[in-house]
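One structure below.
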C-alpha cells in the first residue's frame with residue numbers, strides 16, 4: 001500500500017479545467033516529481049493533495065484512507081511562496097505550527113533545535129524572520145514543513161531562490177528524508193534536480209498529464225540522438241554520414257544530432273580513421289530535452 | 001480540536017503582547033488618560049496665582065449722591081467686601097479711591113490704577129430708575145478693559161443680589177426663622193418609578209445617584225463597545241489579511257480547521273482587548289484614587305455600589321454579543337482581502353454600520369431613550385448591542401423585548417459565524433483582486449468547512 005495514491009483527480013474553475021484527471025502513486029521512501037510549465041496545474045494538484053482545495057472528481061488516499069483532518073495534519077508542506085510570520089520569532093512560529101500539527105511543545109522545541117543545528121544556524125532560534133536573509137528564511141520554511149516528522153511531505157519549488165551551497169544543503173536533507181522512508185511529492189522547474197532525486201515523474205501540460213512513469217523508462221522511450229565526440233584533431237566529412245542531421249563544432253570536438261542510433265557507429269569509425277578519439281558517447285536525452293519536446297509537441 | 005483552538009488563542013495573545021506597536025499604543029493611551037484625569041489639578045496648580053481675589057476700584061464719595069441712607073457707595077462696598085470675605089475663596093475685593101473733585105479727574109485716576117495693575121476695573125453706582133430706597137436700588141456699571149468679563153460680573157451680580165436681600169430683610173421686621181425659611185433653597189429630588197415590571201430596573205425606584213450611575217454605565221459601555229469593535233475588529237481583520245498575504249495561511253489551513261483558527265483568533269483578540277481595557281480602567285481608578293484627585297470624584301457623586309447589578313449583567317451580555325458579531329464580520333472581510341493596503345476600504349461598510357449605531361445611541365438615545373428609532377434599533381442585531389443597553393439603562397423596556405432582542409442577536413451571531421467561517425475558508429485562498437459575490441459563492445461551494 002503506497003502512502004499516497006492519487007486517482008484521476010479533476011478540478012475545474014468555472015469553464016477552465018485546472019487539472020484534468022491526473023493519477024499517480026508515491027511509495028515509501030520515494031520522491032515523486034511533478035513537472036510542468038507555469039500554469040500547467042502543478043500547484044493546483046498539490047493543493048488538492050494537501051486538502052487546501054477539493055477535487056471535483058477522483059479521489060486521494062493517504063495510507064489507504066481518504067481525506068480527513070487527522071490525515072492532513074500528518075502532512076508536511078513547503079509552499080512555493082514563503083509563508084512565515086515576518087515579525088514573529090523563529091522559535092515562536094515553528095513551535096506554534098508544530099503544536100497545531102499535534103506535537104507537544106517540548107518535542108517540537110527539541111526538534112527545532114536539532115534542525116537549526118543541522119543547518120548550522122542555531123543562533124536563529126530567537127530571531128525574527130524578517131531579520132533573516134531570503135535563503136535562511138527558506139531554511140526556516142523547510143523546518144516548518146518537517147518539524148512534526150511527517151510521513152508525507154509536499155514540496156512546491158523547494159529550492160527556488162537559493163544559492164548553490166544552500167541548494168546542496170537542502171537537497172542532501174531531502175535525500176536523507178527520502179532514505180528514512182518519507183514519501184515526498186516534489187515540483188520544480190529545475191530538471192537537473194528531478195533527475196537527481198526522482199524515481200517517477202509526471203509532466204503536466206495545460207492541465208493534462210502528458211508524460212508519466214519511471215524516469216529511466218521515460219528516458220528509454222526517447223531516442224538517443226545526441227553524440228558527443230572529443231578528438232585530438234579535426235574530423236572531416238561528418239555531415240556526409242547518413243542519419244546525421246547536424247554537426248556543431250565544440251571547444252574540444254563535436255556534438256552531433258542524429259535521427260537514429262545506428263548512425264552513431266559510422267561516426268566513430270570515420271573519426272578513428274582520421275585522428276585519436278578522446279571521448280565518444282551516445283548521449284541519453286536529458287529531462288530538459290524531453291520536457292521541451294513533450295510540452296513543445298503538444299503545442300502543435 | 002479544542003487543543004488547537006487554545007493553541008491559536010495562545011499564539012494570538014502572545015504575539016500581540018510582545019508586539020512593540022501594541023505595547024506602545026497601550027502605554028500612550030494610558031498616559032493620555034492619566035493626564036486627562038489629572039488635568040484639573042494641573043491647571044489649578046499652574047493658575048494658583050490667579051486664585052487671589054480680583055481687585056476692583058470704587059469711588060469713596062463724601063456726598064451721598066444716591067440720596068439713600070441704606071444704599072450708597074460706601075455702604076454697598078462695605079457690604080460687598082463683607083460678603084466676599086465671608087466666602088472661603090473670595091472672588092473680588094473692593095478698593096476705595098478718594099474723590100479728586102472733578103468727574104474727569106476721578107475717571108483719570110481710576111484708569112491710571114487699571115493701567116498700573118492695581119485694579120482690574122471699577123464699579124459705579126448710579127441712581128436707579130426705580131428711585132431711592134426703600135423703593136429702588138441703584139444701577140450698577142462695571143468698567144473694565146476686558147470684553148465680556150463674565151467672571152467678575154457674575155460674581156458681582158451674585159454678591160449684590162445677596163447684599164440687597166440682606167439689606168432689605170434687615171429693614172423689614174421679619175423674624176430670624178422666617179428669614180431662614182425665605183433664604184433656604186428649594187431642593188427637588190428625583191426618583192424614577194416604573195409602572196410595569198420592565199427588564200431594566202425591575203420595578204424599583206431609583207435615586208438620582210443611581211440614575212447617574214446608570215447613565216454613566218451606559219455611557220461607558222457604549223464607548224467600550226465601539227472601541228472594542230473598531231480597534232479589535234480592525235486588528236482581527238488586518239491579522240488575517242497579513243496571514244493571507246504572507247501565505248502563512250496555506251500552512252495554517254493544512255494544520256487546523258479554518259473555523260477553529262478563525263474563532264481562536266477572534267477569542268484571542270477578545271482577550272487582548274479585554275486586557276487592554278482592564279489596564280485602562282486600572283489606570284483610571286488608580287489616578288482617581290490619588291489624594292489630590294479624590295475631591296472631584298466625591299463631588300461627582302460616583303459610588304460604585306450604586307451600579308444596578310441587573311443592568312450590569314445585561315450590559316455585559318450585549319457587549320459580548322456585539323463584540324463577537326462584529327468580530328466575525330471583520331474576520332470574513334479580512335479573509336477576502338489579499339493586501340493590507342486594501343483592508344481599510346474593505347472594512348468601511350462594517351465600520352460605518354458600527355458608527356451609525358453608536359452615534360444614534362450616543363447623541364439621540366441618551367437623551368431620548370424611548371423614541372421609535374431607539375425601539376426599532378434595539379431589535380436590529382447590528383445596532384441592538386448599543387440601543388438595547390441604552391434602553392435598559394435609561395428607559396424601561398419590557399422583559400420580552402430584551403429577550404427577543406437577545407434571541408435575534410444570538411441567531412445573527414450563529415448565522416454570521418457560520419457564513420464568515422465559510423467565507424474565510426474560501427476567501428483565504430483567493431488571491432488577486434477582491435472576489436465578486438458570485439465568485440465567492442462558487443468558491444464557498446467548493447469547500448466543506
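Cβ coordinates are placed from backbone N, Cα and C, and glycine is handled just like the others.
Record note: among B:175-199, B:400-424, B:400-424 is the stretch given as transmembrane segment by TrEMBL. Residues B:266-290 are the range that TrEMBL records as transmembrane segment, among B:241-265, B:266-290. Counted over residue pairs separated by six or more positions, the transmembrane segment (B:20-43) shares fewer than 3 Cβ pairs under 8 angstroms with the transmembrane segment (B:343-364), which leaves the two as not touching.
Contact check: the transmembrane segment (B:400-424) against the transmembrane segment (B:216-237) gives fewer than three Cβ pairs closer than 8 Å, residues 6 or more apart, which falls short of the contact criterion.
Scored on C-beta pairs under 8 angstroms, the neighbour of the transmembrane segment (B:311-337) with the top count among B:216-237, B:266-290, B:343-364 is B:216-237.
Proximity of distant same-chain residues to the transmembrane segment (B:266-290), defined by a Cβ-Cβ separation under 8 Å and at least 6 residues beyond the stretch ends, is recorded for 5, 8-13, 16-17, 22, 26, 29-30, 33-34, 37-38, 224, 227-228, 231-232, 235-236, 239, 297, 323-324, 327-328, 331.
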